[in-house]
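Enquirer: Feature annotation from TrEMBL assigns domain 'C2' to 142-259, 273-394. For 6-29, the entry in TrEMBL reads transmembrane segment.
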């Protein structure tokens with residue numbers, strides 16, 4: 001009898017444990033279903049019955065803003081999910097990718113806040129790569145455009161120059177050949193030469209050249225690309241040239257930089273007695289800014305007895321012949337045709353332009369702190385200048401925000 005009682009007790013205990021497990025499982029299942037369903041509140045059935053099909057349609061998206069007639073807002077974590085009906089009053093989610101791709105909203109440029117792009121969305125306009133206009137925008141009268149690369153390896157003290165291509169070269173016919181000579185100024189004797197390209201006005205070179213130059217003097221050098229026409233008799237005729245000063249900013253980082261420049265025609269006029277200076281003028285009337293770009297000089301008469309030859313340009317702003325401000329270019333070593341390509345800006349009100357003038361003085365460094373003046377040019381209004389200097393000033397005023405470039409002859413100055 002005791003054994004029968006034990007068996008009956010074990011069966012009853014097992015049944016109770018089974019009922020307990022079933023009850024716990026049912027409770028957990030109901031809690032799990034409650035997190036994915038929304039029960040319709042009492043008192044809003046009539047208001048939401050007319051909109052039930054529109055708000056809970058299987059293909060519709062839940063909205064972040066509060067819909068009319070529904071007194072609750074869908075949590076942000078459960079937005080943008082599809083819902084399918086389980087019963088007349090319950091809806092469950094359709095399984096989706098756990099890492100869905102974000103939906104891009106269209107970007108509008110309206111000034112109204114209601115039309116602006118929603119916060120947190122991606123604006124595709126910010127990620128568009130800007131168009132390369134170097135092969136499209138050619139100024140009027142352009143002789144052609146040259147693409148090249150520059151890289152300086154400081155450890156090996158090597159200047160690597162890549163000649164990439166040229167476009168829209170003005171040639172008399174497509175049967176002429178084209179080649180490029182590379183000089184590292186001020187050395188005029190030694191040069192490197194590209195292969196001759198024929199039957200094209202837009203040659204593709206893709207050639208590499210190496211110049212051995214020390215790190216101390218590389219920033220004093222100027223690369224010159226001279227583009228020549230080659231006829232059937234193999235005679236060379238200069239088409240145009242590009243002068244590129246090697247600056248620290250360009251050579252920094254030991255990385256290859258791709259650049260392009262427009263060809264410039266070589267000046268056929270002989271140098272003046274004391275040399276010539278080329279520079280640009282520009283005036284921005286909105287910013288009250290006078291800009292001077294010192295480009296280069298040619299035919300300078302250097303002092304032969306100087307042990308150290310270094311030439312720089314001093315730009316001075318004058319008002320009523322009184323000194324206002326002065327700026328200097330970097331010094332170029334041992335060249336009668338130095339290239340600078342440096343920009344300077346001065347503050348000048350429009351009312352001051354009638355009494356202001358610019359004095360550009362070319363100086364050669366002498367022993368010690370003294371310097372020898374090689375020549376000077378002054379540009380300004382009728383009060384101070386005449387001829388080409390006055391024309392340059394007036395053209396600058398008539399073309400605001402544009403760079404006006406001209407050559408000017410240097411005038412002799414007396415020894416201090």
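The backbone N, Cα and C atoms fix where each Cβ goes, glycine too.
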Enquirer: Who are the long-range neighbours of the transmembrane segment (6-29) in its own chain, taking Cβ under 8 Å and residues 6 or more past its ends?
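Expert: Non-local partners: none at all.
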Enquirer: For the domain 'C2' (142-259), report the average pLDDT of the model, please.
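Expert: In the predicted model, the domain 'C2' (142-259) has a mean pLDDT of 88.
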Enquirer: Just give the helix, strand and coil counts over the domain 'C2' (142-259), going by DSSP.
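Expert: Across the domain 'C2' (142-259), the residues distribute as 7 helix, 64 strand, 47 coil.
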